[in-house]
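According to TrEMBL, the domain 'C2H2-type' annotation covers 1-20, 21-47, 48-75, 76-103, 104-131, 132-159, 160-187, 188-215.
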Amino acid sequence: MFSLNGNLKTHMKIHTGEKTLKCVVCKKMFSQNDLRKHMRIHTGEKPFKCEACDKLFSEHGSLRRHMRIHTGEKPFRCEVCDKSFNQIDVLRKHIRIHSGEKPFKCEVCDKMFSQNGCLWKHMRIHTGEKPLRCEICDKMFSQNGDLRTHMRIHTGEKPFRCEVCESTFIQKSHLKTHMRMHTGEKTFKCEVCDKLFRWKRSLDKHMKHHSEQEPNKYAVCN
């Protein structure tokens, strides 16, 4: 029982979620329970500790989600492909693979992305930002994948192997190009005469032949 009507009203705000309390640091409004949690952002307080790895968390919910890393629990299942995830946010991102949803748009070229992180990395193409540095030769890269591929030059790693002749390559695209030697596939087509070529360099050389002939196309015979 509450002795005063005012105390009852204050208590009821816990249930209603009414935001009547202001953070003295950033002036945002919160309910009583949420303000207590929010203040830990400013104080840096992390009272919840993982007993497995000693990592600290500001909220019990964050600790609970973190514990799934140690337990292997994956309670969120994709109803399309049955793949399971340890966090609901990761499942939501995964669902976009099936739905084709791409809610994040590049304001420069209108390209769409399923994840904000992918858009963020894509923007480096437009800004020219290259925040990733090779620690061996200081060359800069915009994407983690490009840096990883570059590092193979220094390590000598060639993880892509041709199953026909056992040649190895740094990049998958190099293996794909190499395979045309064995398959005879010709993917590069001349738009002038429809002739097909196995290599782009062969097509480029062939196109010069057309460009040399072009000035004579309209020549007048004497």
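Note that the numbers count up from 1, one per residue, in the order the chain is shown.
In case you wondered, yes, glycine gets a Cβ from its N, Cα and C as well.
Confidence for the domain 'C2H2-type' (1-20), expressed as mean pLDDT, is 60. For the domain 'C2H2-type' (104-131), the residues of the chain that approach it from at least six positions outside its boundaries are 93, 96-97, 140-143, judged by C-beta separation under 8 angstroms. The list of residues near the domain 'C2H2-type' (160-187) in space but at least 6 beyond its ends in sequence, with Cβ under 8 angstroms from a Cβ of it, reads 149, 152-153, 196-199.
Packing against the domain 'C2H2-type' (132-159) from elsewhere in the chain are residues 121, 124-125, 168-171: each is 6 or more residues past its ends and has a CB under 8 Å from a CB in it.
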